[in-house]
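S.K.: Once you've had a glance at the structure underneath, I'll fire off some questions.
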Amino acid sequence: LQGIFVLGLPYALLHSGYSGLLLIVLAAALCCYTGKILIACLYEENEDGQLIRVRDKYEDIANACCKKLSPNLGGIVVNVTQVVELIMTCILYLVVSGNLLSHSFPYVPVTEKTWSVIAFVTLLPCIFIRTLKIVSKLSQLCSLVHFVIIFVVITYCLTQMHQWSWAKFRLSLEFEDFLVSVGVIIFSYTSQIFLPTLEGNMKNPGEFRCMLNWTHFFACILKTTFALTAFLTWGEKTKEVITDNLPSFLETLVNLCLLTKALLSYPLPFFAATEIVYSCISEDSHSNYRSPLLALTLRGSFLLLTLLMAMFTPHFALLMGLSGSVTGAAMTFLLPSLFHLKLKWKKLSFLEKCADISVFILGFLCSLAGIVCSIKGLLEVFG
């Protein structure tokens, strides 16, 4: 999904101007920060002052914060939020795959929804994915394809350097367009859902903070370079998905690469969503109920659910924007800062408390703005 958001960054610059460049850097810093404080919530000091990992999942952090109200309330809220966001992401991959196939083969008399079904058939082996190791290998291939796409676009843009002009940047901004840009830029960095599992599976968890710093730093450099070169190349003609600006022969190549990326990206949120639900069912049932048949049935049901919603949900993009404004902002900004304040309040300095409160307020405002824009769009459509 982040790769798809990256392709919208030049369009975000079109509507945010110079402030968009600042936002790309600021979003990287904020998402890196919330990732660190989220992982800090997994640890507590023992009697010797050493940090011990006492929690394993986002759910455990939420339960620790809400244990006075209800032992499982926080975990239920987090799990529902995570599953909704992950399933919506899976559906988006199917919708995007159908759209890309339709644009790549315009002369084939097949509807976009039929193309989505064809893409779905290639995803059926996801039912048999049982470990994160397989998902990680697919994600590595996905990253490779992503770099190929970025390389092709930047290389083409560099051949057009003779027509670059800084005068293309806007100084005056329209508020609603700016809010759309903020959403695209911020959510191109989100990964908090996967961080507790990622940190727990690292050979040396002590290097997590360093890893987070470097990955966000390089992501910021790459996204700034990509967005800037693409926008300087096409200026006011920049389209929502930058690959639509490419010459036809390159557009088809990049669309097929995007299709590959979308299909390779699907297993990660799919696996994460099914594992969350599977673990909840198993914990609430007897141990002998935790069977391979249950897992297979659950994965098959989720796979079918994503297809049905991709096929029959009207105006899915607007609904995705609405749910993303709620779940994305909550998981990325609101909950990490809130949990950090709750669990570490006595040990935080004044500046750290101010930072957490500022992130929470910013996340709330972004979420509210996204909800208002999405609802307004839905009302206009259903007019």
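Note: Cβ is positioned from N, Cα and C throughout, glycine not excepted.
In case it helps, TrEMBL gives these features for our protein:
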type	residues	note
DOMAIN	2-375	domain 'Amino acid transporter transmembrane'
TRANSMEM	20-43	transmembrane segment
TRANSMEM	76-95	transmembrane segment
TRANSMEM	115-132	transmembrane segment
TRANSMEM	144-166	transmembrane segment
TRANSMEM	178-198	transmembrane segment
TRANSMEM	210-233	transmembrane segment
TRANSMEM	253-281	transmembrane segment
TRANSMEM	293-312	transmembrane segment
TRANSMEM	318-339	transmembrane segment
TRANSMEM	359-379	transmembrane segment
S.K.: Would you kindly list the residues that approach the transmembrane segment (210-233) from elsewhere in its chain, counting only those six or more residues past its ends and only Cβ-Cβ distances under 8 Å?
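M.R.: Same-chain residues near the transmembrane segment (210-233) but 6 or more away: 6, 9-10, 12-14, 20-21, 24-25, 28-29, 31-32, 35-36, 150, 153-154, 156-158, 160, 163-166, 168-169, 188-189, 202, 242, 245.
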S.K.: Looking only at residues six or more beyond either end of the transmembrane segment (115-132), which have a C-beta under 8 A from one in the stretch?
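M.R.: Long-range Cβ neighbours of the transmembrane segment (115-132): 94-95, 97-99, 101-102, 197, 201, 259, 262-263, 266-267, 270-271, 295-296, 299-300, 303, 306-307, 310-311.
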S.K.: Between the transmembrane segment (178-198) and the transmembrane segment (20-43), are there three or more CB pairs that fall under 8 A, provided the residues in each pair are separated by 6 or more in sequence?
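M.R.: Touching, yes - the transmembrane segment (20-43) and the transmembrane segment (178-198) meet the threshold of 3 or more Cβ pairs under 8 Å.
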S.K.: Let me check one thing: do the transmembrane segment (144-166) and the transmembrane segment (253-281) come into contact, meaning three or more Cβ pairs under 8 Å with sequence separation of at least 6?
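M.R.: Contact confirmed: at least 3 Cβ pairs fall under 8 Å.
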